[in-house]
Each structure stands twice: as C-alpha cells, then as structure tokens.
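**Student:** Okay, here's the structure, questions in a sec.
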Amino acid sequence: MKVTVECALLITLIVEIIIGCLGNGFIAVVNIMDWTKRRRFSLVDQILTALAISRLAFVWSLLTVLVISELHSSLLITRKMLRIINNFWTVTNHFSIWLATCLSIFYFLKIANFSNSIFLSLRWRVKTVVSLTLLVSLLLLLVNVIIINTCIVISVEGYKVNMSYSSHFNNNPQISRIPLFTNTMFTFIPFTVTLTIFLLLIFSLWRHLKKMQHRAKGPRDPSTTAHIKALQMVVTFLFLYTIFFLALVMQAWNNEIQSKTVFNLVFESIALAFPSGHSCVLILGNSKLRQAFLTIIWWLRSSFNAAELSSP
C-alpha cells in the first residue's frame, strides 16, 4: 500500500514538474518573442515574464531539494549546504509570490472603479506602484534571509555534525522550523495584500452593478466583464496560495510523521501545485497567451493528422 501511494505521488509530482516547466517556459518565450517582434514590452508582460522565470526557478529549487534529500541526505548536514538551499528556496519563493501579488495590484488599479483621489493618483502611477512594491519586497527579502541564515548558524553550532538530518530539515525540530516560520511570516504579507485587493474588487463590482441597474443597462458591460475576469484571476491565486501556505504549515508536523518519504512527496506535490497550476490559469486568462497556446495546439493537431495520412 505504501509503495502504491509513493508511486502515485511520484507520478503526480512528475506531472506537476512538467506542467510547471512547460507552462512557465511557454509564458516567458511567448512574451520575449512578442517583445523582440514589436520592440515594445508592456508592464503586464514584464510582470508575467518575470513571474514565469521565477516560477521556473522555484520549481527547480523544490526538485533539487527533493533529489538531494532523498539521494544524498548527508550533504544537507553541512552549514554551507543548509544556507545555499534555504537561500535559493527563499529567494525563488519570494519572487514567485510577490510578482503574482504585483500582477493582482496591476489588475486592481486598471479595472477597479473608485472616485477616491488617492486611488486615481495610484492608477495614473501604476508602474511606480508596482516598482515600489517590488522594492519594499526586496527589503523584506533581505530581512528574511538574514534571519534565516543567523538562526541556521546559531542552531547548527549547538548540534554535533553527526545529527540525523533529511529532507527539508525534518529531523531536527529547531532547524527544520526556522525556514518554516520565517517564510510563513514573510509570505503572509503578500497574501494579505492580495486578499485586500480581492475584497476591494468585489466592492467595486458591487458598486458598478448597482450603478448599472439604475441606468437600466445589462450586467455584462465591458467593465463588469473586466471585473469578473480580474476576480477569477485573483481568486485562483488566493486558492492556490492558500494550499501552498497550508503545505508550509504541514511541515511543522513533519517531525511526528514516521513515513517521511510519503510526507515529503505529499508536501512537494502540494507546493508544486501553486506554480504549476497558476501558470495554466495565467495562460487561459491572457488573450495573447491563450491565442498562442491555441495556435500551437492547432499546429500539433495538423502535424499529427498529416503524419497519419502520410503513413502507409
């Protein structure tokens, strides 16, 4: 039974890795090719491209940690390796979440309908708002990395070199929970920002629908459609991020779980659902990416049909 579960989780993990690499790679390639062709790189395309690249790095960071911990767990004993893995995972996770948050901020400022002077000022300076958000996030990243590295140095010094250590620092409670609590604390900030944006978008849509009812217009005007589309994107991000957040919290119980291989596969599968699933949503929600995806599907189908006709 355990072997069957491990095989199922491993297959799920492989599928998620493939989807994550192909989906995020597709987003980056399409936007870069469009930039090369048009010599124009819009703000939303810049955010999407940077997000896709960070997600690719995040997927590979999780895969690297899983492979090293299962095949060469002794490498994770050294302080240097601990710091490298923690720093790489923290940085890729940070940009993956904060760039998605910046995308939500962009949609909110472009679509929401408020007459407040502060909101209107931010709307006219959306690029500045996104840039400042990323700048502030870099300061938070610096603090996060400093805290994690300091705690790792202090914790490792207190233990012998022969301590038992495996995936995601799960055999030593003090060290294993350092990245858990610090990353959970710092990644909760963009989650709160996105949740606030979601609530404001709902309020903006409610006000807009109320205004349209007074004007006796249909509910599906362009502004309503844009609101609903933005809400779908934000809701999907919140849902996938919540799953990822719960996966981080689950790591706190890893020390009490005896079947650590199964648990690690479960954690990796849940964690990879965030960057892999969100890339598919971004492709389907963006008209340019969706059109490019449908073009590739049509080309593959035509090539397959042509190969069948040419075969004897």
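Glycine is no exception: its Cβ is also placed from the backbone N, Cα and C atoms.
What Swiss-Prot records for 1-9, 68-87, 155-185, 251-264 is topological domain 'Extracellular'. Per Swiss-Prot, the feature transmembrane segment maps to 10-30, 47-67, 88-108, 134-154, 186-206, 230-250, 265-285; the stated evidence is sequence analysis. Under the heading topological domain 'Cytoplasmic', Swiss-Prot lists 31-46, 109-133, 207-229, 286-312. Per Swiss-Prot, the feature N-linked glycosylation site maps to Asn162.
Describe each of these features in terms of where it is and what it packs against.
**Tutor:** Confidence annotation: the topological domain 'Extracellular' (1-9) carries a mean pLDDT of 78 in the model.
Outside the topological domain 'Cytoplasmic' (31-46), and at least 6 residues removed from its termini, the chain residues within Cβ reach (under 8 Å) are 52, 103, 106, 126-127, 130, 288-289.
Residues 43-44, 47-48, 50-51, 54-55, 57-58, 61-62, 64-65, 126, 129-130, 133-134, 137, 140-141, 144-145, 148, 179, 183, 186-187, 190-191, 193-194, 197-198, 200-201, 230, 233-234, 237, 241, 274-275, 278 of the same chain sit 6 or more residues outside the transmembrane segment (88-108) yet have a Cβ under 8 Å from a Cβ within it.
DSSP labels the residues of the topological domain 'Cytoplasmic' (109-133) in these numbers: 19 helix, 0 strand, 6 coil.
Listed by sequence, the residues of this chain that lie at least six past the ends of the transmembrane segment (186-206) yet keep a Cβ under 8 A from its Cβ atoms are 93-94, 97-98, 100-101, 104-105, 108, 111-114, 137, 140-141, 143-144, 224, 227-228, 230-231, 234-235, 237-238, 241-242, 245, 248.
Listed by sequence, the residues of this chain that lie at least six past the ends of the transmembrane segment (265-285) yet keep a Cβ under 8 A from its Cβ atoms are 6, 9-10, 12-13, 16-17, 19-20, 23-24, 26-27, 48, 51-52, 55, 58-59, 62, 66, 96, 100, 168, 229, 232-233, 236-237, 240-241, 243-244, 246-248, 250-251, 254, 293.
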**Student:** Residue list, the topological domain 'Cytoplasmic' (109-133) vs rest of chain: Cβ under 8 Å, 6 or more residues beyond ends.
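**Tutor:** Residues 43, 47, 98, 101-102, 200-201, 204, 207-208, 223, 226-227, 230.
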**Student:** Six or more residues out from either end of the topological domain 'Cytoplasmic' (286-312), which same-chain residues have a Cβ under 8 Å from its Cβ atoms?
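**Tutor:** Sequence-distant neighbours of the topological domain 'Cytoplasmic' (286-312): 26-27, 30-31, 34, 48.
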